[in-house]
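Undergrad: Once you've had a glance at the structure underneath, I'll fire off some questions.
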Amino acid sequence: MTMDQKTDNAGKCPVAHTAPRGRSNRDWWPDQLDVQVLHRHSDLSDPMGKSFNYAEEFRKLDLDALKRDLHALMTDSQDWWPADFGHYGGLFIRMAWHSAGTYRITDGRGGAGQGQQRFAPLNSWPDNANLDKARRLLWPIKQKYGNRISWADLLILTGNVALESMGFKTFGFAGGRTDVWEPEELFWGPEGTWLGDERYSGERQLSEPLAAVQMGLIYVNPEGPNGNPDPVAAAHDIRETFARMAMNDEETVALIAGGHTFGKTHGAGDPSFIGADPEGGAIEDQGLGWKSTFGTGVGKDAITGGPEVTWSQTPTRWSNYFFENLFNFEWELSKSPAGAHQWKAKNAEASVPDAYDATRKHVPTMLTTDLSLRFDPVYEKISRRFLENPDQFADAFARAWFKLTHRDMGPKVRYLGPEVPAEDLIWQDVIPPVDHELVDDADVAGLKAKILASSLSVQELVSTAWDSASTFRGSDKRGGANGARIRLAPQKDWEVNQPAQLARVLSVLEGIQRDFNASQAGGKKISLADLIVLAGNAGVEKAARAAGQEIIVPFTPGRMDASEAQTDAASFAALEPRADGFRNYVNSSRLQFMKPEEALVDRAQLLTLTAPEMTVLVGGLRVLKAGQPEHGVFTSRPEALTNDFFVNLLDMGTQWSPVEGKEGVYEGRDRKTGAARWTGTRVDLIFGSHSQLRAFAEVYAQTDAREKFVKDFVAAWTKVMNADRFDLV
């Protein structure tokens with residue numbers, strides 16, 4: 001049925017017909033800026049209620065009992081979805097891997113932290129075919145343990161137990177992933193079809209922030225790039241994709257080989273026998289998808305993807321067979337019963353067991369992407385080392401698996417449970433524990449006085465604090481003011497942070513810090529991380545006074561300063577903004593598939609802000625000249641925390657037009673005289689153009705809103721300054 005047909009039926013009785021769906025606003029105006037992404041995962045969609053505290057529930061969990069039940073499940077094969085080789089280990093490893101494997105380092109989104117594999121689109125991605133069965137196998141255990149284990153934690157814990165049940169020693173497990181209750185609307189790519197690859201440009205350049213090679217895949221195409229069975233070309237895709245998942249070459253080899261030590265793939269027949277995915281299935285299927293009419297549709301007849309591959313002679317036990325087979329045999333291209341490209345060992349004896357017939361054996365088989373670990377020269381060197389040193393392989397896989405499954409959990413302070421490893425790992429963005437007495441209210445007042453008596457302006461104080469704190473990403477809980485990594489590479493050199501100004505501000509603040517700490521008895525200190533935030537607060541308070549408003553910005557000390565040794569500079573490079581509308585900054589060369597105003601909403605979502613919070617922050621930061629002050633400073637009183645940005649933006653006496661030769665820049669002129677008044681960007685003008693954002697702007701432009709504007713700005717500012725203070729939760 002076309003959209004027009006649906007509209008024509010709108011006035012008819014819905015009882016005897018399919019219920020009509022009228023055009024949504026997005027249907028009418030598909031290019032309209034979507035700010036609703038800032039209002040998802042609210043209390044209104046959470047059945048647990050505001051008082052529910054998952055950390056408290058998890059602490060009540062009998063983890064040993066839960067793991068015993070999971071161990072028992074591994075070999076409790078069910079007729080409706082039988083276990084390969086009598087053991088569900090391979091299936092559950094794939095489930096956990098694919099839950100975590102959507103993570104991408106560029107924006108920190110994806111990953112296992114919210115249990116999103118339960119929802120569309122992930123639950124229906126082609127690469128997640130039949131993982132709905134894995135989650136259904138887990139339901140009786142989830143039902144038994146209830147609120148004490150989230151789905152997000154259970155998916156990862158089950159992967160760990162699967163490994164342990166097959167003889168592998170894992171590195172550890174941390175709970176603390178809180179479930180969400182609605183799908184995340186993320187940008188997974190520009191494609192409108194499964195397995196499309198419009199995300200590439202030039203010489204196979206993958207657009208940011210994407211990590212997977214095709215729509216609906218977790219990583220790479222196992223048959224090779226776009227199904228081309230070329231192991232060397234596939235290595236290029238593997239390296240790029242895994243790097244965008246924050247994995248280096250050694251971790252990549254360990255993960256592929258370790259995961260493919262267990263289980264098998266499923267390509268028993270032509271994919272045309274497979275039915276709809278879970279989201280597209282019939283109501284009587286109850287959320288189970290990919291129903292197959294090939295043979296029995298399950299077990300030996302299962303079709304999940306295309307290849308039909310078993311890598312190891314002991315697919316339910318940890319071994320080094322993957323590397324032994326990879327190097328001991330030569331490989332010839334073949335096809336699976338489903339018609340997919342795969343490789344079989346030349347002149348090899350049948351030594352690999354059949355998953356369902358104990359009397360049958362098969363020759364070893366591999367995927368194109370497996371052979372990449374031998375035929376790419378860098379991967380080959382690592383693979384041979386693992387072949388010759390199985391203990392190094394086991395350790396590398398254990399560590400890489402832990403990183404894969406915990407990468408998006410943020411700092412270690414968020415980890416829960418008795419299996420949290422004691423070792424600090426650099427990718428955890430380690431921050432030292434507080435080792436000194438913290439400043440009190442009198443100290444704070446004295447420090448603010450010294451800061452305001454220094455040579456630093458309100459603009460410099462506010463900009464530096466915002467630069468430090470606004471790196472926070474609610475997606476993977478990275479960044480933020482804690483650690484004061486703004487003084488370290490690479491952040492100190494980012495264009496958006498105005499390096500020359502930043503160096504000058506930090507030099508002054510470090511002097512104030514030294515003087516204060518040297519004057520204290522008993523070990524009382526203030527960290528630079530705390531002082532940067534406190535200085536920003538002092539600047540905001542001074543700006544409020546200049547606008548006729550007295551207010552104290554809340555401040556809680558306890559941040560610490562990270563060292564260079566605790567900072568992976570290459571990893572932190574991913575936090576550099578492609579755009580930050582709060583500072584009117586755009587790096588157009590990196591801003592793909594997004595307009596600047598869309599990037600603003602994207603940044604606001606990473607900061608966990610609502611649309612009103614985003615609005616008031618932009619208005620306040622503009623008049624304080626934070627960031628890039630060339631455009632959008634709609635005030636004659638800069639560095640005073642007024643509502644002038646909104647008042648002047650909504651003034652009908654101003655007429656806006658694009659500036660010739662400056663894409664995305666507009667000039668506002670007096671509607672009668674033509675005299676120039678202001679210049680602004682798309683990010684500035686969206687608050688007058690977009691009907692919902694204009695409604696928020698009107699609230700703050702009202703004559704009676706001056707006090708509310710300052711209070712709301714301070715509340716949103718404090719939220720950003722404390723966004724990474726998980727120790728306060």
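Cβ atoms are placed via backbone N, Cα and C, with glycine included.
Under the heading active site, proton acceptor, Swiss-Prot lists His98, citing sequence analysis as support. Per Swiss-Prot, heme b binding site is recorded for His260, and the stated evidence type is sequence analysis. Positions annotated as region 'Disordered' by Swiss-Prot: 1-26. Taken from Swiss-Prot, the feature site 'Transition state stabilizer' covers Arg94, and the record attributes it to sequence analysis.
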Undergrad: Let me make sure I understand the structure: which of the recorded positions listed (His98, His260) has the fewest other Cβ atoms within 10 A of its Cβ?
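TA: If we count Cβ atoms within 10 Å for the recorded positions His98, His260, the smallest count is at His98.
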Undergrad: Can you grab the distance from Arg94 (site 'Transition state stabilizer') over to the residue listed as 'heme b binding site'? Cα atoms, rounded to a whole Å.
TA: 10
Undergrad: Once the chains shown are all counted, how many other Cβ atoms turn up within 10 Å of the Cβ of Arg94 (site 'Transition state stabilizer')?
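TA: Step by step: centre on the Cβ of Arg94 (site 'Transition state stabilizer'), count other Cβ atoms within 10 Å, giving 24.
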Undergrad: Going by DSSP, is Arg94 (site 'Transition state stabilizer') sitting in a helix, a strand, or coil?
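TA: SS state of Arg94 (site 'Transition state stabilizer') = helix.
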Undergrad: Where His98 (active site, proton acceptor) and His260 (heme b binding site) are concerned, what is their Cα separation in Å, rounded?
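TA: Taking the Cα atoms only, His98 (active site, proton acceptor) lies 14 Å from His260 (heme b binding site).
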